[in-house]
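Inspection log for the structure reproduced underneath, given as structure tokens.
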Amino acid sequence: MDTSHEIHDKIPDTLREQQQHLRQKESEGCITTLKDLNVPETKKLSSVLHGRKASTYLRIFRDDECLADNNNGVDSNNGGSVTCADKITRSEATPKSVPEGLQVSEKKNNPDTLSSSLSSFILSNHEEPAIKPNKHVAHRNNITETGQGSGEDIAKQQSHQPQVLHHQTSLKPIQNVDEGCISPKSTYQESLHGISEDLTLKPVSSATYYPHKSKADSGYEEKDKMENDIDTIQPATINCASGIATLPSSYNRHTFKVKTYSTLSQSLRQENVNNRSNEKKPQQFVPHSESIKEKPNTFEQDKEGEQADEEEDEGDNEHREYPLAVELKPFTNRVGGHTAIFRFSKRAVCKALVNRENRWYENIELCHKELLQFMPRYIGVLNVRQHFQSKDDFLSDLDQENNGKNDTSNENKDIEVNHNNNDDIALNTEPTGTPLTHIHSFPLEHSSRQVLEKEHPEIESVHPHVKRSLSSSNQPSLLPEVVLNDNRHIIPESLWYKYSDSPNSAPNDSYFSSSSSHNSCSFGERGNTNKLKRRDSGSTMINTELKNLVIREVFAPKCFRRKRNSNTTTMGNHNARLGSSPSFLTQKSRASSHDASNTSMKTLGDSSSQASLQMDDSKVNPNLQDPFLKKSLHEKISNALDGSHSVMDLKQFHKNEQIKHKNSFCNSLSPILTATNSRDDGEFATSPNYISNAQDGVFDMDEDTGNETINMDNHGCHLDSGKNMIIKSLAYNVSNDYSHHDIESITFEETSHTIVSKFILLEDLTRNMNKPCALDLKMGTRQYGVDAKRAKQLSQRAKCLKTTSRRLGVRICGLKVWNKDYYITRDKYFGRRVKVGWQFARVLARFLYDGKTIESLIRQIPRLIKQLDTLYSEIFNLKGYRLYGASLLLMYDGDANKSNSKRKKAANVKVNLIDFARCVTKEDAMECMDKFRIPPKSPNIEDKGFLRGVKSLRFYLLLIWNYLTSDMPLIFDEVEMNDMISEEADSNSFTSATGSKINFNSKWDWLDEFDKEDEEMYNDPNSKLRQKWRKYELIFDAEPRYNDDAQVSD
């Protein structure tokens, strides 16, 4: 150890004074960590040095214990002005890599020992040329990366390793060290050899960079993301002798500052955002599908999570896909009726706008807000598009359906559409019930068929006849779509700026701007213009939050990338099949409306044809049945254009003539046939951007036809979708109300063969229900509107006389009730056969009965009567209003969890006032009374026919209550209701009005066999069934008595 003292004596006095000064400061608690004094940094570092390869702070390692135990001076046995370092590995450097003054003993091949003099020397000479990388250190780093253990895991592992006595020095790196102060080579080597023989240093956890987390450790996701990103920074070279990386040549000791974890992570994220924004990306390797199954690509998953965090934190929308259009899917919870209902979002549904229905909603919002509690929340009016071969083909199909409407076989017959390429496609109308699908309304420069056949050559080998047979299978027909640029009047400004540079500009093609410019007589043209806009704006003024929520939900940006926990393997497989890289789904080029309008391109019809072709060919090749294929095809549409905007000018849909000679596989009829009165000319479709050949007219949509037959599904409901559904609706209205020359709301664009029409967007009343139960009741003694033709008047009057409508003011149009494990359904034709008295009362009771106990009836009846009383008073105050053809929709959840407060509320029956297509407001009657074909006889009074129906419902509900409770008064309070039911349970029974004992917890035999009875026996007074239930027939065979007032059916 004498050699060590000699080395110590050769250190200059100035250096020794500096060391004493440092020891004095450390004893005072000023220095608690190992840091480079050359760096002008005053902040204290954390106790843990973060960063991969220890590169965040000069690659200098320090002891976790902060060297706090040896502050009394330099140990005489150590005798050197050195500090601890770690991970000194076998040197493979050339003699030029290490200065001559330093040669490491061969004893240092132990990775856990180190030379303290060497670290001190490197600190003073860190600007020397880089030393050759150490292969052993790099190999060990790779092993650590594979292990992916956190810094805490490494510390725990090292704590279990054998520990030996560690004589530690308290000296820190000095600020300025002169090379001349270092001892000669031979003397220094001998001292180093002596130290390494006598002392074995313990492992130091902070000398190791923090590697990736292990697969089983999910608590360090943010560190994992940061460490993945460090690879993108230019790495510094690694010192082969000490494992210390030298700094880049651009390093300046006076300006360098240590990056903390947060700042480093933020800078790395920003750098990755900038890297990904570059369009020229290196081609990514897509592994084979089998290899993906065996070993998931965890790196891609980490990068995916990184992208999600960046999009949230940085607000980067460059890789988000803003859909320009959405497809409408059939709504399956519909109860009866001809009107097709489609799902727009999870919260909203839409249907064809008929006559003045939107004006009714907007008028009630302005003038009678107290009635809104009974109405579904109105959102607005949508412009909806559908492609068709031509106007002549559309009317031809309409005539064929109209001529064969009494033939039940024609209702399920597929309608053939002959395309210009002679490829006939039969469209099946079975609803799919699939979730909402986002599409891009971008035209293609090339035929979509050619693109698909190029990607999948095997499709070309399929014979056209096979394609036709495949298309006539269970594939649904092409559905209508809502294009964003057609509906500026309803899009919130916060969303519109994503698509346009001038969101505040007035849209020429919107409902709002065109509604005030129509030429024909409308209800509001005689009044104030501002009032008209308020009453006919096409957008709600009350439910703005719901409107914005629905629009954002539908047109929200979609990121086409693999999810962390789903479809990772599937994504790779389909990318391999399609011959594309994963980056293909995240790149997008948009086109400005100006460029699109000046370019000759295919119209939206090709996009529709492409979707149909993909749908049909998915039967040909099972591998094509995947949503990722559809995404890639849609991505091709958007990638076909260049530009900075995603908004397409509507002019481009007329300017292109290529659709007439390009291959097109599927252009089907729109189920969007909105019927609007002739006074509503041009509200939606009329705009400078449209070339319209529309003819004026009205469709008075009605729920009833003269045909007494209907095709039923398993539950008795027939659900149409697609082309046949809307053709049936049109054929009915054309035959009963209006002729072809009256068609006004359907706008044909001859160049693109697009049908543009109006849909009304409403709240989905079944959204929070698990098993929705509904009873559709047609209210009033008059169902035809003020513009109905003579034939329509006569047919509707005869129908009222034959059913319960004339005597009761209400008739049943549909029933759907959950019975423990299945639905009981009845259609409107069944409702027409229901008689006044016990039959009507039995259907009403069966709707409220849950199939388990009579208690369900007892609880529901008071709630329902209370709502009917409130509704009666509100309708009574609507002087001058007429609710012709309106309905009451009674709804509740048949499978609600009573323990949950929200679900329990859904189990309560709710009265909804719907169907205002033929309703007339007071303003309508005042402004256009002389234009009505059949105006109200007493326009200044309330609708007495509707009020009669409300009173009839209350009459039969009260009749059922009195029988079950022995004429007890109605109980509206929930606490009192619970007390009454508890008292009944204690007495085990309740004596009814007939003297029989009724147990509220028991079933009602009269209702239990409702769905099992034969209707012929049901209507035969001498049948065994009628004799069996004779007592109930006598009890409920009652009818409310009304004066035969002529005003009741005005």
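Backbone N, Cα and C define each Cβ position, glycine as well.
Given the structure is predicted, the values throughout are model-derived calculations rather than measurements.
Sequence annotations record features per position, and here Swiss-Prot assigns substrate binding site to PRO772, CYS773, ALA774, LEU775, ASP776, LEU777, LYS778, MET779, GLY780 based on similarity to another entry. Around PRO772 (substrate binding site), taking its Cβ as the centre, 21 other Cβ atoms fall within 10 Å, counting all chains.
Taken from Swiss-Prot, the feature compositional bias 'Basic and acidic residues' applies to 290-306 (among others).
The compositional bias 'Basic and acidic residues' annotation in Swiss-Prot covers 402-417 (among others).
Residues or ranges marked as compositional bias 'Low complexity' in Swiss-Prot: 508-522.
Residues or ranges marked as phosphoserine by Swiss-Prot on the basis of a large-scale study or a structure entry: SER150 (among others).
Summarising the annotation, Swiss-Prot assigns phosphoserine to SER396 (among others) and lists a large-scale study or a structure entry as the type of evidence.
Per Swiss-Prot, phosphoserine is recorded for SER469 (among others).
For SER537 (phosphoserine), the Cβ neighbour count at a 10 Å cut-off comes to 21, with all displayed protein chains included. Per Swiss-Prot, the feature phosphoserine maps to SER537 (among others).
Residues annotated as phosphoserine in Swiss-Prot, with a large-scale study or a structure entry given as evidence: SER539 (among others).
Annotation source Swiss-Prot lists phosphoserine at SER566 (among others), citing a large-scale study or a structure entry.
Annotation source Swiss-Prot lists phosphoserine at SER583 (among others).
Swiss-Prot lists SER589 (among others) with the feature phosphoserine.
The feature phosphoserine is assigned by Swiss-Prot to SER646 (among others).
Among the features that Swiss-Prot reports, phosphoserine is placed at SER664 (among others), with the record citing a large-scale study or a structure entry.
Taken from Swiss-Prot, the feature phosphoserine covers SER670 (among others), and the record attributes it to a large-scale study or a structure entry.
Among the features that Swiss-Prot reports, region 'Disordered' is placed at 87-117 (among others).
Each residue contributes its Cα atom, and for SER539 (phosphoserine) and ASP776 (substrate binding site) those atoms are 27 Å apart. Reduced to three states, the DSSP call for GLY780 (substrate binding site) is coil. GLY780 (substrate binding site) has a Cβ environment of 27 other Cβ atoms inside 10 Å. DSSP assigns SER539 (phosphoserine) to a strand. A straight line from the CA of GLY780 (substrate binding site) to the CA of SER537 (phosphoserine) spans 29 Å. In the structure shown, across all protein chains, LYS778 is the one of the recorded positions SER539, ALA774, LYS778 with the greatest number of other Cβ atoms within 10 Å.
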